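Visitor: According to TrEMBL, the protein has these features:
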type: ACT_SITE; residues: 32; note: active site
type: BINDING; residues: 12, 13, 14, 15, 16, 17, 99, 100, 101, 102, 183, 184, 185; note: ATP binding site
type: BINDING; residues: 16, 99; note: Mg(2+) binding site
Ligand SMILES: Nc1ncnc2c1ncn2[C@@H]1O[C@H](COP(=O)(O)OP(=O)(O)OP(=O)(O)O)[C@@H](O)[C@H]1O
Ligand SMILES: C[C@H](N)[C@H](N)CCCCCC(=O)O
Ligand SMILES: [Mg+2]
């Protein structure tokens, strides 16, 4: 089993759309261990709709929390305690794509962050980042947080309209691979996502480095 963890510089950067494209391209299983916010749908449902994968490849979450908030707060509201013991990676045949909640230092409890979880898993992480103004700082801070914990970095994936300089300077300063840029798709559907992912995202270096 090979695992790729998808994180982002923030909530709402496009991790789920990217993860759907990635899981579809790899014929992987997809797992969102902690879902905070169930309306109008969870990320699992979005990936089911956008990845083109059979339903059995979209694994059930370990925690389904009702409130669209930081997981530590969503868990408190639901009266749930998030525990590492329930967050072991599921064993599947073939590749597994795992999506975090929000960005790296988002708390899942009073003592645990998403980054702690990634360090515990020790699997390579793809950082999803906007192309737009502000991304340089958010991206480099996120990469520092990954490096500080010794979390392997598979690369950065940009999402949004082209911005050649932002797409150059971040991987250059961080010394990590860029997997490319997923454009904003309108309409967004499974076939357009698969085509855009194949045209714009290069996974060859990701797998060669491993
Ligand atoms: N490549 C894209 N093309 C068009 N729309 C996109 C794309 N990427 C993201 N979006 C839209 O942007 C919004 C946020 O994207 P997404 O849900 O993937 O973010 P996220 O990083 O997974 O957020 P969360 O932290 O809640 O998991 C969604 O409405 C999604 O449809
Ligand atoms: C509700 C949202 N869509 C995600 N599920 C959780 C995002 C947590 C972000 C916390 C923060 O950085 O302030
Ligand atoms: Mg998401």
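Every residue, even glycine, has its Cβ placed from backbone N, Cα and C.
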Visitor: List the recorded positions 12, 14, 16, 32, 183, 185 whose Cβ sits under 6 Å from any atom of ligand 3, in sequence order.
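Guide: Those recorded positions that pass the cut-off, since their Cβ is under 6 Å from ligand 3, are 16.
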Visitor: Minimum Cβ neighbour count within 10 Å among the binding-site residues 101, 185: which residue?
Guide: 185
Visitor: For the ATP site made of 12, 13, 14, 15, 16, 17, 99, 100, 101, 102, 183, 184, 185, how many Å separate the two farthest Cα atoms?
Guide: 22
Visitor: Of 32, 99, 101, 183, 185, which recorded positions come close to ligand 2, meaning Cβ under 6 Å from one of its atoms?
Guide: 101
Visitor: Sort out for me which one of 12, 14, 183 has the most neighbouring CB atoms within 10 A, since those are the binding-site residues we care about.
Guide: 14
Visitor: Checking proximity to ligand 1 here: which recorded positions out of 16, 32, 185 have their Cβ closer than 6 Å to it?
Guide: 16, 185
Visitor: I'd like the number of other C-beta atoms within 10 A of the C-beta of residue 16 (ATP binding site), please.
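Guide: By my count, 23.
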Visitor: Does anything in the same chain, at least 6 positions from residue 99 (ATP binding site), have a Cβ under 8 Å from its Cβ, and if so what?
Guide: 5, 6, 15, 16, 19, 30, 31, 32, 43, 47
